């Protein structure tokens with residue numbers, strides 16, 4: 001056997017060290033200031049997540065716990081803001097106090113398990129947990145939090161779409177990573193009253209895509225009676241508004257008495273009440289210090305943190321994954337495939353976008369209407385099969401009839417090769433998607449002449465392209481909205497600067513006028529003092545002459 005055909009020595013070693021283990025994704029959601037960051041650090045028993053306005057100032061990629069290894073540092077995976085800047089990465093600036101932060105979603109990838117470099121015995125590779133922690137920032141800090149629920153729901157739905165597109169491919173990626181969220185912890189503000197409107201809306205929206213566990217934070221701020229009543233209020237609101245949270249239900253057909261007792265105990269603790277802290281004592285435990293003493297956050301008498309850790313990483317980890325896969329994802333998958341398979345042939349009018357990316361040329365129309373009315377946009381949006389009288393209702397008829405074709409020709413001539421290539425690629429993609437959806441229509445798929453293998457191939461090609469096309473359109477629409485909001489904000493700043501400049505000019509004019517008035521008044525006072533001095537001298541002279549005459 002020749003040397004060239006001999007396999008490398010480390011070939012099997014690489015196969016053995018291939019990534020194995022459990023993939024587990026958790027979402028921490030809730031209003032700002034409820035302790036999500038502190039909980040994440042306490043959950044992993046390390047300080048790798050910085051608090052607000054501390055981003056970039058701490059070593060977020062360094063873990064003090066040998067059992068926790070940061071694979072990918074924290075990154076922004078999605079955000080939506082009226083100001084166009086993610087609040088998570090922005091520094092503290094009092095000048096931005098009047099701006100709404102929007103919502104930012106971050107992701108951190110970690111590896112939980114034994115560290116072989118620490119001299120510990122090698123553990124089973126299947127026990128390693130590849131943990132993805134998703135966190136939300138900015139909820140509850142906006143005048144309108146509807147964009148927060150929409151952004152979180154859109155992110156969760158996108159993860160389902162990615163898995164669905166991968167499953168329907170003929171050739172799958174062997175290194176595909178599942179990013180679906182298996183459990184979401186929703187942090188409730190410790191008001192003592194119950195759920196708020198934003199809590200109900202958010203938990204309802206995300207419960208379609210993941211298991212939701214409500215969490216009460218700062219449990220040490222309640223007495224035992226107050227905490228019991230707060231739990232009852234929350235569960236009453238959950239039943240009243242039909243919020244589908246994850247419940248530890250007891251199966252009457254289950255023969256495992258230990259499991260039944262465990263679920264009963266966990267159901268009585270819902271929602272879990274926890275305490276978090278950034279302070280460690282001399283033994284390395286997380287504690288909270290008070291004037292009257294020190295308490296441990298893992299104390300079962302005052303906090304459910306220890307029980308919650310066991311639920312998340314022990315007893316119910318696989319159940320969360322199974323529920324996400326077999327119930328939530330399957331419902332979404334069947335609904336999505338039905339909508340794609342039953343889609344009729346899409347005409348050219350529905351695939352064309354009605355707006356282009358904003359630019360400085362249409363800045364004025366963007367500020368006033370939020371739409372783009374430039375000649376280039378009109379030429380791009382105009383279709384060959386669109387009658388002229390349909391367009392004349394929105395635009396000036398005489399200008400369009402006289403100059404429409406000329407402007408379109410000029411734009412085609414002046415358009416750069418890059419833009420022309422981009423338009424051609426976009427047109428090809430739209431034609432491809434249109435043809436795929438046509439082939440996936442019921443009339444085409446139910447044809448008796450079509451082989452079964454061809455039907456499966458058409459379905460496998462349809463879903464990924466359709467899902468990707470929908471995501472691209474959603475991203476483009478989002479970018480256009482952000483650009484429009486930024487343009488409006490820029491216009492407001494321009495008007496504010498112009499107003500301040502006008503005020504400065506008026507102030508300068510007033511100061512100059514006061515100076516002139518001051519100089520003229522000083523001259524008048526000097527003249528008056530001179531005249532009075534002359535009168536005084538005259539008086540003295542008259543008195544002297546009178547006195548001399550008497551003598």
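Including glycine, each Cβ sits where the backbone N, Cα and C put it.
Worth saying up front: this structure is predicted, and the values here are computed from it rather than measured.
Features as listed in Swiss-Prot:
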BINDING   30-37, 138, 218-226, 288  GTP binding site
COILED    418-518  coiled coil
COMPBIAS  519-532  compositional bias 'Low complexity'
MOD_RES   400  phosphotyrosine
MOD_RES   408  phosphoserine
MOD_RES   416  phosphoserine
MOD_RES   447  phosphoserine
MOD_RES   460  phosphoserine
MOD_RES   519  phosphoserine
MOD_RES   520  phosphoserine
MOD_RES   522  phosphoserine
MOD_RES   525  phosphoserine
MOD_RES   539  phosphothreonine
MOD_RES   545  phosphoserine
MOD_RES   548  phosphoserine
REGION    30-37  region 'G1 motif'
REGION    135-138  region 'G3 motif'
REGION    217-220  region 'G4 motif'
REGION    381-417  region 'Disordered'
REGION    515-551  region 'Disordered'
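Feature map: annotations from Swiss-Prot on the structure.
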residue : record           : CB count, 10 Å
30      : GTP binding site : 27
33      : GTP binding site : 14
36      : GTP binding site : 22
218     : GTP binding site : 16
221     : GTP binding site : 12
224     : GTP binding site : 9
288     : GTP binding site : 18
519     : phosphoserine    : 10
520     : phosphoserine    : 10
525     : phosphoserine    : 10
Long-range neighbours of the region 'G1 motif' (30-37), counting only residues six or more past its ends (CB under 8 A): 49-52, 135-141, 185-189, 198, 215, 217-218, 276
Contact set, same chain, for the region 'G3 motif' (135-138): CB under 8 Å, 6 or more residues outside the stretch: 27-30, 32, 36-37, 40, 49, 52, 81, 87-88, 101-106, 108, 148, 152
For the region 'G3 motif' (135-138), residues assigned helix / strand / coil by DSSP: 0 helix, 3 strand, 1 coil
Euclidean distance between Cα atoms of residue 519 (phosphoserine) and residue 224 (GTP binding site), Å: 77
Helix-strand-coil residue split for the region 'G1 motif' (30-37), DSSP-based: 2 helix, 0 strand, 6 coil
Residue among modified residues 519, 520, 525 with Cα closest to the Cα of residue 218 (GTP binding site): 519
Candidate nearest residue 221 (GTP binding site) in space, where candidates are the modified residues 519, 520, 525 and distance is Cα-Cα: 519
Model confidence over the region 'G3 motif' (135-138) (mean pLDDT, whole number): 90
Nearest-integer angstrom distance between the alpha carbons (Cα) of residue 33 (GTP binding site) and residue 525 (phosphoserine): 66
Structural state of residue 519 (phosphoserine), classified by DSSP into three states: helix
